[in-house]
Amino acid sequence: MFNRIVALTQKVLDGGQINQIEALELAQAEGADILILAAMAAKIREKYVGDKVELCSIISVKTGHCPEDCAFCAQSVHHHTEITPTEMLEEEKILAKAKAMEAAGAHRFDLVTAGLGMTEEDEDFKKILAIYKRLRQEVKLELCACLGTLTEKAAMQLREVGVTRYNHNLETARSFFSNIVTTHTYDERIETIKNVKKAGMEVCCGGIIGMGETMEQRIEFAFTLKELDVDAIPINVLNPIKGTKLENRPLLSPLEVIKTFAIFRFILPDKNIRYAGGREVNLRDMQALGLMAGLNGMLIGHYLTTKGREVETDLQMIRDLGLKI
């Protein structure tokens, strides 16, 4: 296994690309070979994207009461969770959070809403455009948005008010998607990705591992992201939330998570691959290893409905690894 990992690493370092069969070979790594795989993924990350860790922060500006049935989500009306639905968050609170995250060291700030999506006619969308105009004036953060499905016209309007990157996750492989979502289709999500590209924004598109998919399906998913040529790939690790359909899913083992991160880097050598939610409960004391397994970005602060670590703890972890912020 060692020799094969090294050979495929050299192939990628020399500018080549691995195929799905070769990715499945890497997935056979176990025990110490996973650490070798992680180290080689770090070499690939160093060559293609360097040693700087991009830090993103998010804020839920409209929470809960979502009509979609995503099996993992605490905000769905199909589930019985402890989430309290809210209307649009006050503009001043959003500004205050942005300034606090900028002071803490974040590079990007993302406004997130619950629901299937928005059009340019929605009143909440018009409010969000106004908020982005203020953010562009009052902070130096790169601005991101995550508002669900999006028309091409709405995407253009976001770009015009300063949004540079749009997040819309595919969540998982096409072959597994219907096990997780039934109220909309994979192609609807892909259509939004295409609209974002047409508008000239970067695409942030990832998903969640640990929902019951196979490693083969994770690899299928990574190659879909490669084909779509997305810019940033947030990888969540399922944090099963009580009251959702996936509340009883077992956690992935830390080494399984690390192996998955590394394989994504082999498949997507020059992309921004980042930690998203779930690292605290799944990786525990091994969170640093993710950044040494090919990741070059992370969400800091709290998530949409779950708590993250203290920001300074994450910043110290990055410094301890010899990486740059």
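Glycine is no exception: its Cβ is also placed from the backbone N, Cα and C atoms.
The domain 'Radical SAM core' feature in Swiss-Prot is assigned to 49-279; the stated evidence is sequence analysis.
Taken from Swiss-Prot, the feature [4Fe-4S] cluster binding site applies to Cys66, Cys70, Cys73. Under a cutoff of 8 A between CB atoms, and with a sequence separation of 6+ in the same chain, the neighbours of Cys70 ([4Fe-4S] cluster binding site) are Ser76, Glu171, Ile180, Val181.
As annotated by Swiss-Prot, [2Fe-2S] cluster binding site applies to Cys144, Cys204, Arg274, with the evidence given as sequence analysis. According to its DSSP assignment, Cys144 ([2Fe-2S] cluster binding site) is in a strand. In sequence order, Cys56, Arg108, Phe109, Asp110, Leu111, Val163, Thr164, Arg165, Tyr166, Asn167, Cys204 make up the list of same-chain residues 6 or more apart from Cys144 ([2Fe-2S] cluster binding site) whose Cβ falls under 8 Å from its Cβ.
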Nonlocal residues around Cys73 ([4Fe-4S] cluster binding site), in sequence order (Cβ under 8 Å, 6 or more apart): Cys66, His79, Ile241, Thr244
Arg274 ([2Fe-2S] cluster binding site) CB neighbourhood, other CB atoms within 10 A: 23
Sparsest Cβ surroundings (other CB atoms within 10 Å) among the binding-site residues Cys66, Cys204: Cys66
Beyond the site residues Cys66, Cys70, Cys73: chain residues whose C-beta lies within 8 Å of the centroid, for [4Fe-4S] cluster: Glu68, Asp69, Phe72, Ala74, Gln75, Ser76, His78, His79, Ala114
